[in-house]
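Below is one structure, written out as structure tokens; comments come after it.
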Amino acid sequence: MDSEIAVDCSPLLKIYKSGRIERLMGEATVPPSSEPQNGVVSKDVVYSADNNLSVRIYLPEKAAAETDSKLPLLVYFHGGGFIIETAFSPTYHTFLTTSVSASNCVAVSVDYRRAPEHPISVPFDDSWTALKWVFTHITGSGQEDWLNKHADFSRVFLSGDSAGANIVHHMAMRAAKEKLSPGLNDTGISGIILLHPYFWSKTPIDEKDTKDETLRMKIEAFWMMASPNSKDGTDDPLLNVVQSESVDLSGLGCGKVLVMVAEKDALVRQGWGYAAKLEKSGWKGEVEVVESEGEDHVFHLLKPECDNAIEVMHKFSGFIKGGN
């Protein structure tokens, strides 16, 4: 029974009839490092003891040696369709180390429980718990000294790729409705960066959107694996952010947005559509879209040394260093 496959989503994962889940990628991890890597040190800190969940915190080595160095704060949510990858994988450790070095910021990379064992909305709930934990440091009296001493809570940025970008959107919306810290008058978020955001719908978003039915069916099946209780499938407002009439973006809880998309990515039109909907919503901030020509989904993670990935990092770090 344990060898009989119920669902085969290779090269991502397999689910066996016994209920066992075999993830085929994104399971490797690397430890944090007290020795500088690219000028950055890191450590893991528990944010939810009840669920055994941690964040990985990154800090420029030079800031660690100073007691009064306040830096922008980046909170990052990893991608993987809500199903694969972790905050501790070599891919994300490398990306966050590079991001912190380029942006001269403090970063908190959030690990959350994954579907299908923990279906949506668990990844969103864990992410919100992590974000609230981060903001317990706003007065300088939180659990983690690196955040108490070095995080500038007037310059907080959220970012994520793919499913992580989806999480970022929902965190920014929720932050506009619920205070992240007592006494905080606004959301506490300066801006968000959505890297190849995972939004989708049953029907193409426009005439340029992919009409490949096989691909669209695969994406729907993958979503239903993560969110089996979604009555509307990929038209669930958690995923169909762009076309759903029930989703109002006017209350997005930040002042500026950077959306980064890739020309060959099936999700490219969703990113453009998100920005267009945001501009039309009555939201008062500024939004910019940057498209990487000739590239596919999360290419910047897969080949970080290519010219287009270097340009992505340049835009990414510039957004953070630009402040409010």
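Keep in mind that glycine also has a Cβ here, set from the backbone N, Cα and C atoms.
The following features are taken from Swiss-Prot:
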- M1: N-acetylmethionine (MOD_RES)
- S162: active site (ACT_SITE)
- D265: active site (ACT_SITE)
- H297: active site (ACT_SITE)
Using CB atoms and a 10 A radius, I'd like the single residue among the active-site residues S162, D265, H297 with the highest neighbour count.
S162
For D265 (active site) and S162 (active site), determine the Cα separation and express it in whole Å.
11
Roughly how many Å separate the Cα of H297 (active site) from that of S162 (active site), to the nearest whole number?
8
